[in-house]
Each structure stands twice: as structure tokens, then as C-alpha cells.
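Chemist: For reference, the structure I am asking about is given below.
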Amino acid sequence: MKKKTIYDIKSLSGRTVFLTVDFNISLIDGNITNDTRIVEALPTINYLIKKGAKVIIASHLGRPEGYDLSLSLKPVAKRLEKLTGKKVKLIDKFWEKSALDDIRKVKDRQLLMLENIRFIDGEKENDRQFARHLASMADFFVNDAFGTAHRVHASIVGIAEFLPSFAGLLMAKEVEMLSDALERPKRPFLVIIGGAKTPEKIAVIERILDIADTVALGGAIANTFLAAWGFGMGKSYVDYEMVEMARVIFWKTTRKHSALILPLDVITSNKDKNVKPKVVDYNNVSHNTAIYDIGPKTRQHYRDLIFEAKTVIWNGPMGLYEDPRFTEGTDSILENISQSKSFSIVGGGDTLTSIKSQKYLKTISHISTGGSAMLEFLEKGTLPGIEVLQNA
Ligand code: ADP
Ligand code: 3PG
Ligand code: MG
């Protein structure tokens, strides 16, 4: 890691740290389904507290439009209390001046958490005034949010202009692991991409095709590529604004040594998902159905690719994994990666949530908390949120 970490902060006792983390975890009916992103940030939080600092934690959750308490960080704060055994004070209207007084009143070695940082537009706009407001809460800025380090937001990039800025231990670990893996990857090098965040993932595929030997797609992002090929996708989740981009990538792929692989068959149902799931070929999706998973031929094909590869990186579920009828594709990718002897990295918020049994994790070389962030790191070797931290 070429950046200074929290170990480089000389005196933390009695000082206040603004700590940005990625606690964007999956919730079902207000219950946390996977707390890996919280657990992974504990070493940094515990170190700062042990050294006598007061810690203000900032994170986003989901993509709220304005102040939307259905995306409150309350359940996350509760889980953090359980994991640390310390009280976590949630600061609701953190953008108001009065929040600064509330923060000042809290004693050292205490944890505070700002409500969902995206409740305020200034965050995503990287508003300088808002970043200055956040900075005025603390003496140091620490970024442990590898999963959001690709976002140019106020609590990630803007704030670093106003405070001495350091990497947290998770950030340092992620950067080290991924940099090592990318320096001289063993070949064949396979990257499997799924999920639904098509705009940001599609932007990195072209560069990843320069680095990897094979890029295999599944999930909603594959639908957009199949649509670009001209096949009817019925009611499937397709990012029509990205179809043109997918076409450009197809064209560029013809000039590269690497291969872009799409599903051979898929599992469909109707829009309301109350028709029995059916396996069809990629070019046979009827107009009143939607794709919810990859099919058995694709699972076998991707299994072969995984077993041939010496390096495998995977981000993004192969289907609508939240519904147990559409998890087989995603489960098979995980199982095969964990059985293969390749060097493997698996990452992403939903990707980690889709993992039902910890037993698979033992044989995976690195579990990353970043999804799109990990793919963008793969593309660029750095991220905006890393660039603004102080050099070692
Ligand atoms: P990650 O968090 O691992 O980076 P994303 O956030 O990009 O992954 O995507 C996860 C979401 O993609 C899940 O909610 C999943 O249901 C959805 N998804 C995957 N495939 C499909 C599909 N075929 N149709 C609809 N949604 C899908
Ligand atoms: C993620 O889950 O990929 C990160 O938390 C980033 O979330 P975002 O795509 O809403 O910025
Ligand atoms: Mg996600």
C-alpha cells in the first residue's frame, strides 16, 4: 500500500476521526441478511477506539432520493453495537449546524454514526460546502470504504481536501490483495461479471478484456448484451440506454485476443414470476417472459471455464438470487470457484449476500467487499477515493 494508514497517525487520544465505511448491506424487511461489510470494518473501528479516539462513522445505504427513513442506518447501528459491545449514537440531521454541538458533547472512545449519508444531495454532488461541514466534525479523515472508493462523493473524496487523510485497515488490505493479484496474474485469467449495476460495470468491461483472457457474463448485465445482439428479451431487466455501449464492446472484442462469453440458455418466468420457471435458449425468450437466471448448459460451460482458469475473479449474481427458485446459477459459480485450484477473488455486496454457507469461503483466495469498485480497481489499478489519501 503506497498510502499512509491509521498506523501512521501519531496521536489519536482525545482526537476525533471521521471514518467513512461501506455499510451498504442487504436488508430484507429491515433485517440484515449479511453483515460481512460491517465485520470487515471492525479492526479499524476497534483500533481507533483502543487508541482513545472518538469515531464518527459515515456510510450510505441503498440509493435514497432525499430523506427516506426506509433506508435508515438504524439496523446497521444496532448490529454495530452488538459486534463492538459499545453504544452507537445515531446522528439524524447530520447536515445541520446543531449536529456539530451534539458531536462535541460525546466523550472519547465513543462511537457515533451519521444517518444515511446519501439523505443529502451534497454527498453525491461532492459539494465543497458539505464536505467542509463533514470535515469540521473531526481532526482526521479515515477511509475504510473500499466498496465505495470508486464514487467521487463528499464523504469519500471532497472531505480529504480539508483533513489529514488516511487509509483504514480494510482499505489497505483490499488494495494490497488486489494489486498483488493483478501484478502478474496466472493464465488463463477469467473474469465473471453479473448483477444489475450495468452502467458502471459495462464501462470497465472493455479494459478488462485487455487484461483477462475471458470475460463471462450472467445476471441482468448479460440481458443487455443479448439485447444488443438483437435477440428479444421480453420483460427481462435490460438497460436499454446501455445497449449501444454493449454494441461498441462487441465490435472492439473482435480486435482483442480475449473472449466475451454470454449465456447459452436461461431460466424464465413471467413478469410476476408466478409461472413455473422454464429453461430456454438465449435466442428463444418469448415476449411475455423475463430472464431470472442462467440455465444448465451455461452453468456447465462456466464450470469448464472456471476449471480451466488459473485466476478467477467474480462479481455479481447470475440471477435474481433473492428468490430461491433463481439461485442455482449463482450457487454453481460459487461452488465451482471454491472447488477449483485457481487463485480466486470474489466480491460485491449482493455477491457476498448470495453466499449461503461459509464453507465455500475457505478455499477462495480473497473475499472483497467491493463489487463495482473491485472491477473498477481491476481496470485502473486505483480509485478516486484512494488517490486523495496521503502518500506513505
Ligand atoms: P453486486 O452487489 O454483487 O455488485 P449488483 O448490485 O450489481 O451486484 O446486482 C445484484 C442484483 O442484481 C440483485 O438484486 C439481483 O437480484 C439482480 N439481478 C441479477 N440478475 C438478474 C436478472 N436476470 N433479472 C433481474 N435482476 C437480476
Ligand atoms: C456497492 O454495493 O457496490 C457499493 O456500496 C456502492 O453502492 P452504489 O453503487 O449505490 O454507489
Ligand atoms: Mg449490489
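Each Cβ is built from the backbone N, Cα and C atoms, and glycine gets one as well.
All annotation found in TrEMBL is predicted automatically rather than curated by experts.
For reference, TrEMBL lists these features for the protein:
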- Asp22, Phe23, Asn24, Arg37, His60, Leu61, Gly62, Arg63, Arg118, Arg151: substrate binding site (BINDING)
- Arg37, Arg118, Arg151: (2R)-3-phosphoglycerate binding site (BINDING)
- Lys201, Glu322, Gly348, Gly349, Asp350, Thr351: ATP binding site (BINDING)
Chemist: Give the distance between the Cα atoms of Arg37 ((2R)-3-phosphoglycerate binding site) and Lys201 (ATP binding site), rounded to the nearest whole Å.
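Modeler: Here the two Cα atoms are 20 Å apart.
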Chemist: Cβ under 6 Å from an atom of ligand 3: which of these binding-site residues qualify? The list is Asp22, Arg37, His60, Lys201.
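Modeler: Checking each Cβ against ligand 3, none of them comes under 6 Å.
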Chemist: Under DSSP, is Gly62 (substrate binding site) helix, strand or coil?
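Modeler: Its secondary structure by DSSP: coil.
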Chemist: When you measure from each Cβ to the nearest atom of ligand 2, which of the binding-site residues Asp22, Arg151, Glu322 fall under 6 angstroms?
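Modeler: Going through Asp22, Arg151, Glu322 in sequence order, those close to ligand 2 turn out to be Asp22, Arg151.
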Chemist: Given the binding-site residues Arg151, Lys201, Glu322, Asp350, which one's Cα is the least distant from that of Asn24 (substrate binding site)?
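Modeler: Sorting the binding-site residues by distance from Asn24 (substrate binding site), the top entry is Asp350.
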Chemist: Can you give me the same-chain residues 6 or more apart in sequence from Arg151 ((2R)-3-phosphoglycerate binding site) with a CB-CB distance under 8 Å?
Modeler: Lys124, Val157, Pro384, Gly385
Chemist: Between Gly348 (ATP binding site) and Asp22 (substrate binding site), what is the CA-CA distance rounded to a whole number of Å?
Modeler: 11
Chemist: Here's one to test understanding: among the binding-site residues Glu322, Gly349, Thr351, whose C-alpha is closest in space to the C-alpha of Arg118 (substrate binding site)?
Modeler: Gly349
Chemist: Can you give me the Cα-Cα distance between Gly349 (ATP binding site) and Gly62 (substrate binding site) in Å, rounded to a whole number?
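Modeler: Approximately 11 Å lies between the Cα of Gly349 (ATP binding site) and that of Gly62 (substrate binding site).
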Chemist: Based on Cα distances to Gly62 (substrate binding site), point out the closest of the binding-site residues Lys201, Glu322, Asp350.
Modeler: Asp350
Chemist: Looking only at Asp22, Glu322, Asp350, which of these binding-site residues has the biggest number of Cβ atoms within 10 Å around its Cβ?
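Modeler: Sorting the candidates by Cβ neighbours within 10 Å, the top entry is Asp22.
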Chemist: Enumerate the residues of the same chain, Arg37, Arg118, Arg151 excluded, that satisfy the criterion Cβ within 8 A of the mean position of the Cβ atoms of the recorded (2R)-3-phosphoglycerate site; list them in sequence order.
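Modeler: For the (2R)-3-phosphoglycerate site the neighbour list reads Asp22, Phe23, Asn24, Ser59, His60, Leu61, Ile117, Ala145, Gly147, Thr148, His153.
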Chemist: Does Thr351 (ATP binding site) have same-chain partners at least 6 apart in sequence with Cβ under 8 Å from its own Cβ, and which are they?
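Modeler: Non-local contacts for Thr351 (ATP binding site): Gly194, Gly195, Trp314, Asn315, Gly316, Pro317, Gly371.
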Chemist: Measure from the Cβ of Arg37 ((2R)-3-phosphoglycerate binding site) and count the other Cβ atoms within 10 Å, all protein chains considered.
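Modeler: Its Cβ shell of radius 10 Å holds 25 other Cβ atoms.
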Chemist: Max Cα distance spanning Arg37, Arg118, Arg151 ((2R)-3-phosphoglycerate binders), Å?
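Modeler: Site span for (2R)-3-phosphoglycerate, by Cα atoms: 18 Å.
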